[in-house]
């Protein structure tokens, strides 16, 4: 583009050097000198403008809140417009579909799945590990169904699932749960950075871990100060690596177990007999080991609740939600359960390299050990490199989700108002700075207490998932009860959870049992001879007293002692999308007719995908 500097005072463009070739040599030199000065001046001006734009990007974004009638032109005929409070979006949504698809598959695959389950395998054994993950996987699916129904019904609700409990349970319950969820994301950054330093020690344990922490810390902060586009591109690359690693690990583990690779020949179920399927000598001890693994499993499944957010991005959530829920089953079965089974068959629970085993090298991931202890040379280094990428990826996600969650809390009045600052590039700047400051905790990696800090942070994150998932399923139950009390038909719902209210009832009941079991495990920790240990209790149950402090603190400060919002007073139409039952039945019949006319291959794809 031509700037004003390319034109004279008359507005005409300056004569080019070629057009003045008939002038004298000296005149030509004078022109070239003048031209060079102009070029330098333009470059300097361009640099100044770039610096000025970068500085201006940190100024507060402009936005307003209005009441509008929202009608999505991309939705089907059966979706009516809804009247809602909307605000001009300050947080820029610059991610493309390829980013969203890959994130739905890979986001959350990090410390919980790749590293923390080493302690679960060591303390519980392979059978206890698999049982724990299977039990939690059922709750995960029930939570996804409940969140899906609510997200389709309330697609424009501010804060999404974080607002459900405030509306359908009580404000104090919602305040405590969402702040604990915020604490989870704040702890994820230092937790993942510590894990990254532990992962690198597989190669070199002589260099100060804080050096690695500093490198990753600066790298991540640098990404997020350049906005959401930089985050989207880096996450796309990270998640591609994670998915490829999981696929390769599954194939390699089967080959190793069958004797096709490594030095040990056919392994089969050898480690289920020696050292055994369960760790522990008594039945009560083995049961306690399973209880210990449950919280680790919740920590590993962390992030699955973000499924509800993806529903909001779809043009027709009524169609996309069943598909997304079906695909979540594959993620649960393949990425979580299948890999746990393969680890249980290929890694003995008494290996001294597992975290918590007390050996000299207690930092190796079971994914690495599944190959390295059988004599496979190069592959363990590749797996460890991808695990390193994975934990950095989750730390990257925490710097994306954490500041936006804090900003959302400030906008709802649940956090100090100054934290709602969003700059012109869509960065929640002050909230981002808070998260970055919290990440400094990671520099304890050079301390001998590194693994203890890791356990504390993981305990907060694990139990916070319990609270968040319980709030989603309990809100779903309260929503259904309010529909019944207010005489509303379920036919008005665009998507009904396939597990109904019974899935949510089971999920809430099971989570309550997990809270009780975790209390027992925390009070009388494993390997302590059944004796009580106060330090272990707070180390493993810290999230519960934090939640209670927020819950009763909100009650006292606001003088709001409501335990449950009255069912007949709940506003079911706030940000709700209304569906016409007759049009939904008509659309379902049309879809069935299309399915009958499909080829066999298309029918198979429709059934499975």
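Cβ atoms here come from the backbone N, Cα and C positions, even for glycine.
The annotation compositional bias 'Polar residues' is assigned in Swiss-Prot to 17-44.
According to Swiss-Prot, the phosphoserine annotation covers 3 (among others), on the basis of a large-scale study or a structure entry.
The feature phosphothreonine is assigned by Swiss-Prot to 15.
The phosphoserine annotation in Swiss-Prot covers 16 (among others).
What Swiss-Prot lists as phosphoserine is 19 (among others), and the listing cites a large-scale study or a structure entry.
The phosphoserine annotation in Swiss-Prot covers 21 (among others), and the record cites a large-scale study or a structure entry as its basis.
Here Swiss-Prot flags 24 (among others) as phosphoserine, drawing on a large-scale study or a structure entry.
Look at Swiss-Prot and you will find 76 (among others) tagged as phosphoserine.
According to Swiss-Prot, the phosphoserine annotation covers 84 (among others).
According to Swiss-Prot, the feature region 'Disordered' maps to 1-48.
As annotated by Swiss-Prot, topological domain 'Cytoplasmic' applies to 1-99 (among others).
Residues or ranges marked as topological domain 'Cytoplasmic' in Swiss-Prot: 145-173 (among others). Mean pLDDT, taken over the topological domain 'Cytoplasmic' (145-173), works out to 86 on the 0 to 100 scale.
Look at Swiss-Prot and you will find 195-210 (among others) tagged as topological domain 'Extracellular', backed by sequence analysis.
Taken from Swiss-Prot, the feature topological domain 'Cytoplasmic' applies to 232-235 (among others), supported by sequence analysis.
Sequence annotations record features per position, and here Swiss-Prot assigns topological domain 'Extracellular' to 257-289 (among others) based on sequence analysis.
Summarising the annotation, Swiss-Prot assigns topological domain 'Cytoplasmic' to 311-328 (among others).
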Under 8 Å, at least three CB pairs between the transmembrane segment (174-194) and the transmembrane segment (329-349) (pairs 6 or more apart)?
no
Among the recorded stretches 211-231, 236-256, 375-395, 501-521, which has the greatest number of Cβ pairs closer than 8 Å to the transmembrane segment (290-310)?
501-521
Would you confirm whether the transmembrane segment (329-349) and the transmembrane segment (537-557) meet the contact rule of 3 or more C-beta pairs below 8 angstroms, pairs 6 or more apart in sequence?
no
Can you tell me which of 124-144, 211-231, 375-395, 428-448, 537-557 gets the most C-beta pairs within less than 8 Å of the transmembrane segment (501-521)?
124-144
Report yes or no: does the transmembrane segment (375-395) come within contact of the transmembrane segment (211-231), defined as 3 or more CB pairs under 8 Å with a sequence separation of 6 or more?
yes
